[in-house]
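A quick write-up on the structure given underneath.
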Amino acid sequence: MSRERRGARPPTNRPRSATGRERRHRHRPGAGDRDGAAAGGTPGAGRPLRPGQVIELEPHALAAGGDAVARYGGMAVFVPWAVPGDRLRVRVVDVKPRFARAEPEALLVPGPGRVDPACPLFARCGGCRLQHLAYPQQLAWKRQMVVDALERIGRIPDPPVGETLGMDPPWYYRNKAAIPVRRLPSGRVVMGFFAPGTHAVIDLEATGCAIQHPVINQVVAALRRWLEEDPDGRATSTYDETRHQGLLRHLVVRVGLRSGEALAGLVVNGEGLPGEERLARYLRREVPQLVGVVKNLHRRPGNAILGPETVPLDGRPWIFDELGGLRFRISLESFYQVNPVQAERLYRLALDYALGRPITAEAPKGPGPGSLADEPAGRRALATGEAASVTPGGAMATRAAPAAGGSGLPTGDATAGGGAGFWLVDAYAGIGTLALLAAARLRDGVVAQDRRSWRVTAIEVVPEATEDARTNAALNGLENVEFVTGAVEEVLPHLAAALQEAAGTGPGRGGPDVVLLDPPRKGCDPAALAACLELAPPRIVYVSCNPVTLARDLAVLCDTGSPAAPPLPALPRPAAAAGAAGAGGEAAMVEGVPAGGATAPGAAAGGGTAGDAQGGVRPRRRPRYRVVAVRPVDMFPQTAHVECVALLERDDGGGPAPGAGTTGPAGTATATAGAITAGTGAGDR
Ligand SMILES: C[S@@+](CC[C@H](N)C(=O)[O-])C[C@H]1O[C@@H](n2cnc3c(N)ncnc32)[C@H](O)[C@@H]1O
């Protein structure tokens with residue numbers, strides 16, 4: 001790079017040769033309106049910054065979000081589009097009591113990790129934040145971001161964080177895009193991503209996007225042609241979010257990496273678009289990978305991309321894709337990891353943590369005695385969608401013969417399964433990817449021979465996703481998986497309460513062996529964490545796309561005393577859980593979610609001490625977990641985001657829950673764990 005760029009543009013790689021004034025300035029820091037970092041000492045020491053001031057900085061690190069950070073006069077100054085080791089001239093744009101923001105004006109000396117961004121739209125488009133940083137440095141920084149969050153927010157000293165698992169090549173990976181569509185007064189159509197910090201759409205132009213699948217770029221180009229050239233297209237208004245007017249809001253495209261199938265969704269602020277069926281056929285002709293085009297009706301203002309109703313226009317309203325050897329049906333509304341190459345590795349890692357490595361030579365094939373396969377009533381119930389609860393042994397109780405508590409939830413009655421069955425709970429399950437991959441491993445004999453049967457319970461709040469998940473279970477011939485539609489913070493506390501009740505009457509507590517948590521960016525609700533502690537599985541595997549909320553939630557589970565950890569609500573009383581289900585009617589039971597779950601006494605209590613006063617039951621002493629391994633996975637190369645998998649084990653090694661007074665699933669998963677140490681794992685990491 002040779003040009004100096006100004007404002008929000010990233011400084012170019014090649015240093016601009018210093019002018020006479022700059023050279024003088026380097027030897028006279030603080031001269032005039034400028035101050036320098038080059039003359040040694042603390043630049044700007046003792047003098048406050050002010051907006052408009054031009055200074056020289058040398059960032060030493062990247063902050064969360066991808067801005068570089070430098071010190072100036074004891075203050076942190078954040079600079080976008082810079083990398084550590086750069087020397088830059090910047091203009092201060094905002095000064096707060098403890099930090100300031102500055103825009104780069106000129107790159108004087110490039111830092112060691114600086115590279116030319118691949119995309120000409122970089123820094124104008126807000127999609128990528130790190131294209132100017134070499135990929136190995138991106139990976140190192142992402143690991144550091146996780147370490148920092150766990151130490152500072154989670155108060156976990158010296159966290160066992162492995163190297164970031166990178167992607168090769170780290171481009172064209174996104175299998176989904178939601179692209180705003182806007183028409184300029186000239187009639188030209190602009191489709192792209194929002195500029196950083198604004199809702200101004202930066203047109204993808206002819207270049208397309210360097211991180212999204214090429215088929216998405218083709219659909220964008222085809223829709224643009226229609227909107228600019230076809231009479232119905234030209235008559236189609238586009239959405240103006242300030243006035244909440246105009247029809248076409250977004251184009252959403254989803255692509256199956258392995259299958260090659262694509263689905264396009266036209267998000268409409270109204271009932272439909274002019275010539276919409278012709279448009280759908282046109283798009284499919286232009287982009288043969290499209291197996292379907294749908295419209296999504298979204299008439300409300302706001303930032304949510306999708307509205308509540310999706311209507312097929314042409315072809316089918318879902319794609320199929322393959323992941324980890326299984327086949328998945330994916331609708332427009334359902335969550336599916338945006339980087340399937342890395343998702344496969346993420347899931348393998350999560351399941352290595354959860355289940356240990358395959359030991360197929362020793363394990364029985366398929367579910368053992370007492371399992372679902374031996375239980376025609378159970379199988380029937382699953383096949384018909386009839387309410388059923390499955391014991392940890394794999395046996396099922398149908399609605400006609402409800403399990404203890406009658407909640408329609410899994411009971412935890414370990415005696416009914418005819419042996420110690422292995423039970424994995426997948427919370428925040430989406431279309432069932434992790435649950436089904438776990439089920440396939442369990443079916444193929446991952447669990448040691450002393451665990452004669454297995455079961456998986458998947459919990460997900462979006463009904464369309466659960467519907468996809470059920471279809472996916474059938475597609476892959478995986479039967480012992482039950483799907484519960486509901487919020488984890490409602491379902492898990494009731495499951496814990498039902499187990500408490502069962503523990504009071506039966507000889508075994510029979511809780512899950514592993515709980516998988518894979519929440520959205522905001523992390524887990526405190527009620528979900530409280531329920532996890534009550535369920536006290538020997539292992540918790542936490543998959544997270546946000547190190548900040550991961551650290552906060554691990555602080556709760558590991559009881560680190562972090563001020564970031566929220567107080568935990570009390571759990572519902574067992575009888576209340578059962579009562580809520582009983583009063584809730586059949587429909588709720590079919591889904592396995594007690595009606596009014598969250599409003600059951602105690603479930604929504606706010607404070608850590610509120611439990612008993614509100615009628616909830618608090619465990620006498622909650623188990624504590626320790627973080628055994630954390631592995632960052634680069635699901636989002638070129639951006640400032642990182643995914644993580646964390647393995648937590650109970651401090652007491654997985655025996656009965658402390659204070660529960662019952663017999664726990666002793667020794668469970670640890671029998672098969674193999675060596676799992678920080679920073680290492682199975683497979684290709
Ligand atoms: C990060 S995704 C993970 C999905 C799945 N594990 C996967 O990898 O494909 C989080 C999922 O949690 C669901 N979700 C969000 N909030 C939830 C809640 N409170 N209870 C249950 N599911 C929730 C979302 O719909 C989404 O499917």
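Note: Cβ is positioned from N, Cα and C throughout, glycine not excepted.
Just so you know, TrEMBL annotations are computer predictions that nobody has curated.
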Identity of the S-adenosyl-L-methionine-site residue among GLN337, GLN342, GLN500 (reference: TYR428, GLU460, ASP518, source: TrEMBL): GLN337
Given ranges 401-420, 601-620, the stretch to which TrEMBL attaches the annotation region 'Disordered': 601-620
CYS545 (active site) and ASP518 (S-adenosyl-L-methionine binding site), Cα-Cα, nearest whole angstrom: 9
Average pLDDT across the domain 'TRAM' (48-106), rounded to a whole number: 95
Structural state of GLU460 (S-adenosyl-L-methionine binding site), classified by DSSP into three states: strand
Pairwise Cα distance maximum in Å, S-adenosyl-L-methionine-binding residues per record: GLN337, TYR428, GLU460, ASP518: 15
Neighbour-count leader, CB within 10 A, binding-site residues: GLU460, ASP518: GLU460
Intrachain C-beta neighbours of TYR428 (S-adenosyl-L-methionine binding site), sequence separation six or more, cut-off 8 angstroms: ILE459, GLU460, VAL488, LEU517, ASP518, PRO519, PRO520
8 Å Cβ shell about GLN337, TYR428, GLU460, ASP518 centroid, S-adenosyl-L-methionine site members excluded: PHE335, ASP426, ALA429, GLY430, THR433, LEU434, PRO519, VAL543
For ASP518 (S-adenosyl-L-methionine binding site): DSSP state (helix, strand, coil): coil
For the domain 'TRAM' (48-106), residues assigned helix / strand / coil by DSSP: 0 helix, 33 strand, 26 coil
